[in-house]
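Notes follow once the structure below has been shown.
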Amino acid sequence: MTVQTFIPNGAKAASENTVTQPTHTTDVSIKKLYIETQGCQMNEYDSHRMADLLGDSHGYVLTNNPNEADILLMNTCSIREKAQEKVFSELGRWRKLKEQNPDLVIGVGGCVASQEGDNIQKRAPYVDMIFGPQTLHRLPQMLDQHHAQVEKPKKEKIKLVDISFPDIEKFDFLPEPRVEGFKAFVSIMEGCSKYCSFCVVPYTRGEEVSRPLDDVLAEIAGLAEKGVREISLLGQNVNGYRGETFEGGICTFPELLRLVAEIPGIGRLRYTTSHPLEFSDELIQCYEDLPQMVSHLHLPVQSGSNDVLKAMKRNHTIDVYIDKIAKLRKIRPDMHLSSDFIIGFPGETDENFAETLQFIKDLDFDHSYSFVYSKRPGTPASDLPDTTPEHVKKERLAQVQQVIKQSSIEKTDAMLGKIERVLIEKVSDQDPNILVGTADNTRLVTFVGDASWVGRFAEIEITEIKTLNLVYGELLNLEPDVA
């Protein structure tokens with residue numbers, strides 16, 4: 001599980017997994033909000049929007065210190081059992097803060113809230129508000145309701161739980177997103193209709209619902225006008241996007257990419273998370289036609305064994321996946337590929353695992369999110385017999401991660417002497433003459449340059465490999481501002 005604590009611009013992050021926010025103030029008269037984000041980039045996006053909502057409606061500013069907050073919000077993830085239990089562990093710590101400050105408001109959102117709203121009320125009755133991913137836009141109203149009934153007797157208080165699955169109305173109530181830096185996430189759809197046997201997402205975020213095309217394009221155009229140069233399109237099954245057009249038609253994901261690429265100012269496009277079934281030839285063609293598309297793709301496969309894929313109800317074979325990647329790499333030979341792997345799925349044999357390990361070697365993955373299978377209540381896979389010892393699963397996982405780590409090291413080393421297109425994001429904290437940016441493949445690139453170049457793209461020749469994710473280079477060409 002990734003835990004991301006929202007911190008203000010200029011503050012030091014406690015870890016790499018942080019998201020910066022508007023400048024923090026020590027003025028005690030200012031109402032302060034602390035958000036802990038667990039899990040995926042969709043949750044990260046949602047947490048940004050929570051901060052925007054409460055900032056606009058009630059004047060809250062973000063703090064990186066839960067001890068000084070007036071509101072504590074936890075945006076939760078239920079993808080694995082360990083992540084779910086960590087929610088209650090953290091809530092136990094927050095309970096102590098509420099005992100010290102009875103006026104403290106505690107809210108729980110995200111997928112655990114959606115799945116276990118009633119259970120949260122029972123196990124943590126001190127939680128004041130519970131809301132799901134599709135109802136976060138109602139946070140200001142829930143907060144008002146909470147304050148309105150603070151003085152009421154306990155038996156007269158209304159339980160503030162809203163974990164329903166309304167249509168994608170939340171985007172109609174969200175304020176204009178704040179811009180921080182030159183990258184931005186844009187959610188284009190919610191939910192998933194694939195119903196893989198191991199996954200809780202359809203039950204916690206609902207069926208697939210796409211945002212209208214015009215809404216998506218308007219949000220991205222607004223971000224570009226504010227200086228954003230890289231857009232990451234988000235969805236649980238993002239390439240299944242089918243947004244309604246103003247004329248009443250349907251826009252597919254490849255068509256959306258082409259329209260976004262036409263927006264002035266947008267110089268780089270990413271997206272996550274995809275499903276192989278909708279990784280179509282039309283989508284692959286975008287990599288040939290649109291220079292804004294990065295040579296980096298996250299395409300979850302989960303297993304390299306057809307038997308396991310069938311049990312997972314992924315509805316495709318390994319050959320289908322391999323064929324799609326072959327087509328893509330014919331267009332982009334330098335394509336960096338990442339994926340998700342579930343190790344130790346019920347019924348996975350030694351032979352099945354060997355197939356997965358060989359598949360990983362053959363496809364030459366650059367990165368992965370790989371975990372031992374975690375049984376999720378209510379999913380079909382939770383009823384499957386699981387006879388593989390836990391220590392065997394962990395040994396298999398270690399093998400997978402070692403193979404992918406070695407591949408990643410080799411890919412970083414191979415950058416030496418090559419030219420990378422880099423989005424310059426900031427001046428180094430250590431040296432005002434050094435600029436820091438990211439390459440298509442997500443590696444950090446540093447080089448000597450002028451602070452006025454921040455926000456532009458540059459061609460950098462890589463001259464030194466520093467670490468797995470950090471390289472040094474020299475400027476070859478500074479591109480004109482794409483705005």
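In case you wondered, yes, glycine gets a Cβ from its N, Cα and C as well.
Here is what Swiss-Prot records for this protein:
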- 31-148: domain 'MTTase N-terminal' (DOMAIN)
- CYS40, CYS77, CYS111: [4Fe-4S] cluster 1 binding site (BINDING)
- 178-410: domain 'Radical SAM core' (DOMAIN)
- CYS192, CYS196, CYS199: [4Fe-4S] cluster 2 binding site (BINDING)
- 413-477: domain 'TRAM' (DOMAIN)
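Other than CYS192, CYS196, CYS199, the residues of this chain whose Cβ falls within 8 Å of the Cβ centroid of the [4Fe-4S] cluster 2 site are, in sequence order, LYS194, TYR195, PHE198, VAL200, VAL201, PRO202, GLN236. Distances between the Cα of CYS77 ([4Fe-4S] cluster 1 binding site) and those of the binding-site residues CYS192, CYS196, CYS199 are shortest for CYS199. DSSP states for the domain 'MTTase N-terminal' (31-148), grouped as helix (H, G, I), strand (E, B) and coil, give 68 helix, 23 strand, 27 coil.
Between CYS40 ([4Fe-4S] cluster 1 binding site) and CYS199 ([4Fe-4S] cluster 2 binding site), the C-alpha separation comes to 14 Å. Counted within 10 Å of its Cβ, the other Cβ atoms near CYS192 ([4Fe-4S] cluster 2 binding site) come to 23, all protein chains included.
Across the domain 'Radical SAM core' (178-410), mean pLDDT in this model comes to 96. Counting only same-chain residues six or more apart in sequence, the Cβ atoms lying under 8 angstroms from the Cβ of CYS199 ([4Fe-4S] cluster 2 binding site) belong to ILE79, CYS192, ARG376, THR379. Apart from CYS40, CYS77, CYS111, the [4Fe-4S] cluster 1 site neighbourhood in this chain, defined by C-beta within 8 angstroms of the site C-beta centre, holds GLN38, GLY39, MET42, ASN43, THR76, SER78, ILE79, ALA83, GLY110, VAL112, THR204.
If you take the Cα of CYS196 ([4Fe-4S] cluster 2 binding site) and the Cα of CYS111 ([4Fe-4S] cluster 1 binding site), they are about 17 angstrom apart, rounded to a whole number.
Of all Cβ atoms in the shown protein chains, 21 besides its own fall within 10 Å of the Cβ of CYS40 ([4Fe-4S] cluster 1 binding site).
The domain 'TRAM' (413-477): residue composition by secondary structure is 4 helix, 39 strand, 22 coil, according to DSSP. By neighbour count, meaning other C-beta atoms within 10 Å, the densest spot among the binding-site residues CYS77, CYS111, CYS196 is CYS111. Secondary structure at CYS196 ([4Fe-4S] cluster 2 binding site), as computed by DSSP, is coil.
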